[in-house]
Amino acid sequence: MRSQNLLRSQLQFLHQINLKQTFHFSTLSPHFLQSHDPYINNNINPTPKHREIGRELAKLLQLQCPNSPIPYYYKKIHAHIVVLGFQHDVFLINTLLHSCSKWGLLSDAQNVFDTMPHRNLVTWSSMVSMYTQHGYSVEALVLFCRYRRSCDEKPNEYILASVVRACTQLGSLSQALQVHGFVLKGGFDQDVYVGTSLIDFYAKHGYIDEARLLFDSLEVKTTVTWTTIITGYSKQGKSEVSLKLFNQMKDGDVGPDRYVISSVLTACSALEFLEGGKQIHGYVLRRGIDTDVSLLNGLLDFYLKCHKVETGWKLFDRLVDKNVVSWTTMIAGCMQNSFHWDAMNLFIEMTRMGCKPDAFGCTSILTSCGSLQALENGRQVHAYTIKANIDNDDFVKNGLIDMYSKCDSLTDARKVFELVATINVVSYNAMIEGYSRQDKLYEALDLFREMRLSSLPPVLLTFVSLFGLSASLFQLGLSNQIHGLVIKYGVSLDNFAGSSLIDVYSKCSCVGDARLVFEEIYDKDIVVWNAMFSGYTQQLENEEALNLYKDLQMSRLTPNEFTFAAVITAASNIASLRQGQQFHSQVIKMGLDDDPFVTNALVDMYAKCGSIEEAQKVFCSTNQRDVPCWNSMISTYAQHGEAKKALEVFENMIKEGLKPNYVTFIGVLSACSHAGLLDLGFHHFESMFQFGIEPGTEHYACMVSLLGRAGRIHEAKEFIVKMPIKPAAVVWRSLLSACRVSGHVELGAYAAEMAISCDPADSGSYILLSNIFASKGMWVNVKRLREKMDISGVVKEPGCSWIEVNNEVHRFIARDTAHLDSTLIYSLLDNLIMQIKGLGSLANAMAAHLLDD
């Protein structure tokens, strides 16, 4: 109120001057114009009246602008300055320049500067600072060069600091080095303002060591200096150094402000250094600055990034003045920690409170909508972005494309994509990822081709999406082409892309190529190792997986739950109980024995090794039994003929409120089949619909096997004929197996014919039918069947066995000579066979002698 009254009185003073025309420009004599400027004629001093008018004009420039338009207001004052002959007053014009800079009137400031008869160092400094503050870095440097050519005054710390900031904005190292040399030459190397600006330049452009040298050399350091170096280390990923500097700052004379604390909190978040963040929180409470909403938002972000969502909720609830940043931080934190429903509820509450979400908040909530496949909620957020006029934001557009893609609404995703005015790489990546997720091969490749034609170079994420698509479709040729493009574009394989490429080669049965990619990655993280473990396990290269684990133990990396899940599976595939037990011991030692993935792998391993009691112990010892864990235990009992226990586990699973899935009923029906529980099997089969599960091929195969074991062969055939889905080869093989047991030749031949028509390359159906013919002495049919296999190119998969001797697994395949000691092994076998035959001849002779007696 006081400033408004002062402004009003000064405007009235100017108005009175104009009415009286006391100093009208046309009435002023040249003598006055000359004498008023002390820079022109120091012998003539301005009158007290002149000084009073000059002071009033300066005060008007320094006061806050009234309700009238800002450019008009300052132009009016400028007009008064010219009319009253004060354009020669450098101090007054510098004040005008400062005001124009403050309100962003750059063109007006430039016009004033160009028409100034005389300029001093403050004039040049004000102009350079103005251009730097408003992001016109090139203009600032050009003006600085003009200053050096036309002004005799030596530069001061303010103009040098502004020039360094201009170099920082441009990212020009050569220019910055020249200015740095100018700083040293002018003796400003110890000036805190210039030094801080140089530290900021070097830190922001990756020269953190040079920034540290400058920092250490400064005798005087301000809070801004400390903030600059701490933030620099934090952004360079050296958060631990930021924390050490913060501790040094606390011990010194300069107290940290909210900017320093925010930077250190960012460092703690990057390291997930919970204790360090808690100490900073305590420092904030002790200093009594816990009312600063920006600091509290920083603390909130820290706790959420350290996955302490509950602590974040408490802090958020205590916030008195929640701003947009507070709500957005909480929503983003919930999204990042997979609390997607909480994020959506927060978004709704935020809008009800009258706080308008910004583009970042909308992007976060769209991610949650996509993760939950909540299409309708996503549409509502889309409507809000249009209403709030933020639907043109690049992040929002890409978030919408991603949300619609994850919600299986590719048509809507493509519509948003087509509406994007300037399509960027992120937009293409989101759309390609959407097509890849839906296995839309041709659409994804067409978009990729369009992307390349539009001169947008694909980035690593583009290739990762295509790798995932080719892996799901087992497209080896496509994978090779994409790999070639990665090399062509000079994109180095990072851990994420490398693990994707290892996965695709493994799934395409090129585990050797996957290993080559693995070896090429220089700084492998545990995800890359896990991809290789998984690849070996998928292709049943179990010994290689176990050998690779030895290499991992020699590295600096620590295996995680996914690592153990893979290697335990490898041990179970070769039925190596000893190695499985060793992995179990390591799991317990590392505290991973309660992880569902590890538990499932251990249960399966003990089951395959015949240790059902150990499998049960593992199952009962875990506190986090998910549906796959229950399924593992049910399947374990079913495979070992413990049908009663398998069904008991199933009943307990239902009692605990867990919903069975597709795999659950495979184990249940398999248990009923092995035990011949016909009525109970049909009961569970029919109950699948109550749980919203549509029976699949495996379930029908179990039911056919159940009927066959019960001797109801023809009913089993009728069951297959009435199936609502086309019977697969495995269903007919179940009937064929039942025919082999019952000796039903005619129906067995029919089942075999149907199975072979479904899967001509499968040798199992041929072998089963051949055994039926052989059991009936139908050797001619056996011979014809073998000839048909040879003509069709069907080869029986050779049997495989293995034995573990001296901590080494030895694998043997029929007629295989790959083993190093194969010659010695076959020689020993021949000797044993000869001895067995000899014992057989002796036994026959003894039997004949007894018969003669």
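Backbone N, Cα and C atoms are what each Cβ position is placed from, and that goes for glycine too.
These come from TrEMBL:
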- 89-123: repeat 'PPR' (REPEAT)
- 222-256: repeat 'PPR' (REPEAT)
- 323-357: repeat 'PPR' (REPEAT)
- 424-458: repeat 'PPR' (REPEAT)
- 525-559: repeat 'PPR' (REPEAT)
- 626-660: repeat 'PPR' (REPEAT)
- 661-695: repeat 'PPR' (REPEAT)
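Sequence-distant contacts of the repeat 'PPR' (424-458) (same chain, at least 6 residues past either end, Cβ-Cβ under 8 Å): 394, 397-398, 401-402, 404-406, 408, 410, 413-414, 417, 465-466, 468-469, 472-473, 475, 478, 485, 489. Per-residue confidence over the repeat 'PPR' (626-660) averages out at a pLDDT of 87.
The list of residues near the repeat 'PPR' (525-559) in space but at least 6 beyond its ends in sequence, with Cβ under 8 angstroms from a Cβ of it, reads 495-496, 498-500, 502-503, 505-507, 509, 511, 514-515, 518, 566-567, 569-571, 573-574, 576, 579, 586, 590, 809, 811. Broken down by DSSP into helix, strand and coil, the repeat 'PPR' (626-660) contains 26 helix, 0 strand, 9 coil.
In terms of DSSP secondary structure, the repeat 'PPR' (222-256) contains 26 helix, 0 strand, 9 coil.
Secondary structure of the repeat 'PPR' (525-559) per DSSP (helix as H, G, I; strand as E, B; remaining residues coil): 26 helix, 0 strand, 9 coil.
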